Every structure is written in structure tokens, then in C-alpha cells.
Amino acid sequence: MRSHYCGDVNKSHVGQEVTLVGWVNRSRDLGGVVFLDLRDREGLIQVVYDPDLPEVFNVASTLRAEFCVQVKGLVRARPDSQVNGQMKTGEIEVLGQALTIINAADPLPLSMDNYQNNSEEQRLKYRYLDLRRPEMAQRLIFRAKVTSSVRRFLDSNGFLDIETPILTKATPEGARDYLVPSRTYKGQFFALPQSPQLFKQLLMMSGFDRYYQIVKCFRDEDLRADRQPEFTQIDIETSFMSSEQVMAKTEEMMRGLFLEMLNVDLGEFPRMTYNEAMRRFGSDKPDLRNPLELVDIADLLKEVEFAVFSGPANDEEGRVAALRIPGGAALSRKQIDDYTKFVGIYGAKGLAWMKINDLSLGLEGIQSPVLKFLNDSIVNEIVSRTGAQTGDIILFGADQATVVAESMGALRLKAGEDFSLLQGEWRPLWVVDFPMFEKINGNFHAVHHPFTAPRGVTAAELEANPANRVSDAYDMVLNGCELGGGSVRIHNQEMQSAVFRILGITDEEAKEKFGFLLEALRYGTPPHAGLAFGLDRIIMLMTGASSIRDVMAFPKTTTAACPLTNAPGFANPQQLAELGIAVVEKAVKTED
């Protein structure tokens with residue numbers, strides 16, 4: 001039905017007859033000549049119809065937005081005065097000689113020109129129209145090219161694309177599972193995988209030493225701008241490779257991807273330990289474009305008569321950190337109050353501050369409500385450590401170390417945006433040496449997952465002192481976003497059982513949930529390591545989209561619903577009976 005895509009026609013085709021198909025982007029009747037902008041996935045082209053062919057001209061005059069049409073015509077160069085540098089095809093146009101309406105379009109339920117006027121609900125309900133917009137189409141085309149590039153790289157490096165099951169067993173991986181009832185085994189349920197983690201480890205045990213899969217994963221969790229109930233991972237696992245080798249290979253892949261797709265050389269990725277990242281930036285995924293850093297000052301404040309500072313300074317689990325903002329002395333009291341409310345979202349009880357109005361005046365040039373609690377040497381040392389200059393402000397966080405890291409880390413990011421401090425376009429890094437466990441409400445939890453190997457200890461040593469052990473794990477971070485994370489896996493039964501015990505998983509529970517894994521670890525399991533990238537997040541960053549919903553063809557809303565298909569929906573009584581399921585209606589309270 002066509003000879004060319006609309007966006008592919010150029011000056012080399014001048015004088016040629018072409019057949020095009022697509023949708024009417026816009027139609028204009030200007031003084032007896034109809035100008036038609038025809039659109040397909042590759043772009044727009046201008047088609048001109050004049051009254052010399054009255055039958056065709058009359059049909060062209062009836063066209064409206066989103067009619068699906070076929071156009072036949074002659075490519076000609078535009079006059080210099082009419083060249084449109086904003087269009088890929090702006091140097092040429094097509095003189096229409098034939099026109100067929102393939103399918104008419106009713107008046108549209110959403111705006112195609114001013115899509116900002118459409119609600120998120122409208123865009124998702126009529127997604128097939130929203131995806132016709134060039135911006136959306138280009139993102140999906142870009143996504144397809146990214147996955148093609150990733151496959152080529154992994155294929156050429158000996159990785160095998162192997163599918164793993166979608167219907168599997170529920171395992172504790174941090175989020176709630178989506179459950180699928182079994183008709184055959186009434187009362188029992190499959191779970192949709194949160195990741196192919198255990199199956200890819202079993203593939204390593206099966207001898208497939210380089211595996212990958214671009215795979216759908218499912219998590220029933222509260223949604224944010226960068227979360228969806230179903231998402232796509234670039235999943236990778238290797239045998240007989242160290243963490244250094246896995247990082248080197250996947251870094252090579254990511255650098256090649258950015259060079260091919262964006263012509264961006266990311267350079268070598270620096271390394272940073274988890275502890276350093278938390279100390280300097282208050283985050284395990286720091287945005288290195290932001291030059292602001294947290295500075296520890298607890299050692300200066302142990303003896304001050306200001307409990308807000310001295311309390312955390314003398315607490316082993318406390319922290320006092322300072323954040324210098326260049327030019328921040330210009331902040332009004334209201335703006336400082338807004339920052340105080342902001343850190344309160346993250347659990348901070350307040351936000352002390354110190355304005356450096358004129359450093360040449362010494363303490364006379366410094367303004368702060370806490371100045372009366374600090375002697376000259378402490379103030380001078382704070383100014384020195386933070387590198388504060390005239391016109392700066394120093395903000396203070398004092399609380400439990402976790403609260404200080406989270407609140408001041410978030411404030412660092414906000415201030416970096418507010419003061420336009422970001423430097424450079426792309427700043428990747430590896431974050432390594434994560435803690436093996438974290439304690440929540442007195443119980444140990446795996447920082448990554450329970451199959452991550454500790455670094456350099458035996459099972460007995462791990463159980464003797466789990467709190468201070470480091471995992472052989474690594475996260476790739478770009479511009480403050482975690483692109484992917486991975487680790488060396490546990491490859492012997494003794495260590496895996498020890499980790500389960502530390503996590504409070506009894507032997508009986510471990511056998512019930514992970515018996516197949518513990519059994520497999522008895523039969524010559526090779527050392528193995530891997531990593532998984534969030535494909536949706538990578539595409540979002542590379543295209544500059546504001547949400548992963550804008551780089552997925554048919555995403556869900558923030559309430560995990562699909563307005564297009566009205567999913568989820570109710571099952572009919574026959575389906576429920578076949579599954580042996582009874583729906584319990586939510587109890588309604590009635591007043592006595």
C-alpha cells in the first residue's frame with residue numbers, strides 16, 4: 001500500500017512518484033489549495049492538492065484530523081521561501097495526484113495538538129490515539145532500538161536468551177506478589193515473578209553460564225512516577241565471573257548503548273562505597289551532577305549546651321551534618337521555613353541555619369539563631385569544613401543518622417535544583433560494598449535479597465556478626481537514578497542456610513519456600529553473579545521523559561488500573577466456582 005514512510009522522503013526523491021499511507025495530522029484550505037500534513041510513525045510530510053484535479057481536490061477538502069488515508073503523488077522541492085527547517089521533510093512536498101480515504105475518524109475525544117490539555121486518564125483511556133503523537137511514537141521506536149542494541153551486545157558476547165516461567169511460586173522478595181489461582185489445585189496459587197532471580201540461578205547450576213532475558217516482572221506495590229505493577233528488566237546472570245568482571249562487562253554494554261543511541265561518551269564509571277555515598281550525599285544513589293555535599297560536624301558539638309546538636313552528637317546512632325548552599329544567604333525566612341517543612345516530610349524535627357553575610361567581618365558577619373550556643377572556634381571550624389563563603393548559607397541536620405541522611409540528602413537534591421547548581425548532563429557511577437543486612441524494628445532484613453553473597457567471610461563468621469558484614473553487591477547509578485543492581489550469589493548450601501537463619505526464616509519455612517534451591521545447591525553449584533537493569537527507567541532517562549508511563553505502550557495508572565480496558569475487572573460466578581474461590585464483600589459498618 002505504500003512505497004515510502006512519510007518521514008523518509010527527502011530531496012533525493014524529487015521527481016519521483018510516491019505512495020504514502022498514514023493519518024491526517026492537519027488539513028488547511030488556503031485560497032483554493034488544500035495543504036495536508038500526513039503523519040506516520042517516521043514523521044510528517046506536506047501534501048498539496050490543487051483544483052486542477054477537481055475529483056481528488058474535492059475529496060481532500062473533506063478530510064479531518066486522524067482520517068486514515070492513502071496518498072499518491074509527485075515529490076517536488078519547496079521554494080526556498082517555504083522551506084521548513086523544523087521538519088525532517090521540510091525541503092520537499094508531495095503534489096497530490098490521487099487520494100483514498102481508508103477510514104474516516106469521528107470527532108476526537110482528546111486533543112492531539114495541545115495534548116497538555118488532556119488528563120492522564122484521557123491519555124491512557126485513548127492510548128491508541130495518544131501513541132500517534134510523534135513524541136510518543138519516537139519514544140517507543142527509541143525503546144525498540146535500545147532493546148535491539150542490548151540484544152546484539154549480549155548475543156555477541158556469548159549470552160543466551162532463555163525464557164523463565166511466568167507462573168511460579170511466591171517468594172519473599174520485598175513487595176507483595178500478584179497471585180494467580182489454580183483451577184487444577186483448588187485453594188492453591190501461582191505467583192507472577194517479581195524477578196527471574198531463582199530461575200536464572202538455577203540456569204547457572206544447569207551449565208548455561210551466560211544468560212540474559214528482557215523480561216516482564218510484577219510487583220503489587222504502591223506506585224510512584226517511576227514505578228508500575230508490571231515492568232521490564234534486562235536480566236543478566238553469569239557463572240565463573242567475579243563482581244569486577246560483571247561490572248566491567250555491563251559497563252561496557254551501557255557505555256556502548258549511550259554512544260550508539262545518543263552519541264554520548266559516558267567515560268569510565270567511578271566507584272564509591274555505600275558508606276561514602278551515604279556520608280557525602282545522604283543517598284545510595286547520588287546524583288553527581290549536584291556539587292553539594294553533607295559535612296559531618298558531630299565531633300565539634302558534643303559539649304555545646306544545645307541539646308538539638310549535642311544529643312545526636314553523643315549518640316552512637318546519631319549524626320549532625322552541615323550542608324552549604326552557595327548564594328543561600330539570600331533565602332528569605334519564608335523560604336527557610338519551606339525548607340524546614342520539606343525536611344519534615346522525611347522525619348526531621350527542624351532545620352537550623354547559619355547565614356554567612358560577610359565573612360570579612362568575622363562573627364559579626366554571620367547570622368544564626370544557634371550562634372549563641374557556639375563558641376568562636378566551633379563556628380570558624382564549621383565555616384572552614386564546609387568551605388562557606390560570603391553569601392552562602394549552612395543548613396544543619398541533627399537526628400538519628402538514618403533521618404539525617406534521608407532528610408538532608410533530599411534537601412541537597414532540592415537545593416541543587418532550586419539554585420541551578422547541576423553540572424554536566426550525564427554522571428554515572430558504581431556504588432559498591434553495601435551492608436549485607438539492615439535492622440528494622442530489631443530484625444535483620446536483606447539490603448538486596450537473601451541470595452546475595454557476603455564478601456570474604458565464612459557462614460560461621462557471618463552468623464557471629466551479621467550487623468557489620470559487607471555484601472558483594474553493586475548498583476549502577478546515573479544522575480541519581482539506580483539503573484540496575486546486582487551481586488555475587490550464594491553458591492553453597494551452608495551459607496544460604498545461614499543467611500536464612502539471620503533473616504529469621506526457620507528451617508521449616510526455608511524448606512517449604514526454598515527447598516528446591518537448597519537441594520540444587522548440593523550438586524556442584526558454580527560461583528555465579530548477575531545484574532538486572534530497569535529498562536523502563538533507562539528509556540525514561542535517555543529520552544528525557546518525566547515518567548516511565550511515557551515510555552511504555554500501555555501502562556497502568558498510579559492506582560494500578562487500565563482505563564483503556566477497564567482492568568482489573570470482576571470474574572463471573574462460573575469462573576469463581578471453577579477456581580473454588582468465594583469473594584468476600586467488604587464489611588460495611590452500621591450505626592446502632
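Cβ coordinates are placed from backbone N, Cα and C, and glycine is handled just like the others.
Taken from Swiss-Prot, the feature L-aspartate binding site applies to E173, R219, H448, R489, supported by sequence analysis. Residues or ranges marked as region 'Aspartate' in Swiss-Prot (evidence: sequence analysis): 197-200. Annotation source Swiss-Prot lists ATP binding site at R219, D220, E221, Q228, E482, G534, L535, D536, R537.
Spacing of E221 (ATP binding site) relative to H448 (L-aspartate binding site) is 17 Å (Cα to Cα, whole number).
Largest CA to CA distance in the ATP binding set (R219, D220, E221, Q228, E482, G534, L535, D536, R537): 20 Å, whole number. Residue counts for the region 'Aspartate' (197-200) under DSSP, helix first, then strand, then coil, are 4 helix, 0 strand, 0 coil.
Cα spacing between E482 (ATP binding site) and R219 (L-aspartate binding site): 17 Å, rounded to the nearest whole number. Residue pair H448 (L-aspartate binding site) / R537 (ATP binding site) shows a Cα separation of 19 Å. Sequence-distant neighbours of R489 (L-aspartate binding site): residues of the same chain at least 6 apart with a C-beta under 8 Å from its C-beta are Q201, M204, F451, T452, A453, H528, A529, G530.
The DSSP secondary structure for R489 (L-aspartate binding site) is strand.
Taking the C-alpha positions, the distance from R537 (ATP binding site) to R219 (L-aspartate binding site) comes to 16 Å. Between the C-alpha atoms of R219 (L-aspartate binding site) and L535 (ATP binding site), the distance comes to 15 Å. Look at R537 (ATP binding site): DSSP puts it in a helix. For E482 (ATP binding site), the number of other Cβ atoms no farther than 10 Å from its own Cβ, over all displayed protein chains, is 16. When secondary structure is read from DSSP and collapsed to three states, H448 (L-aspartate binding site) falls in the coil class.
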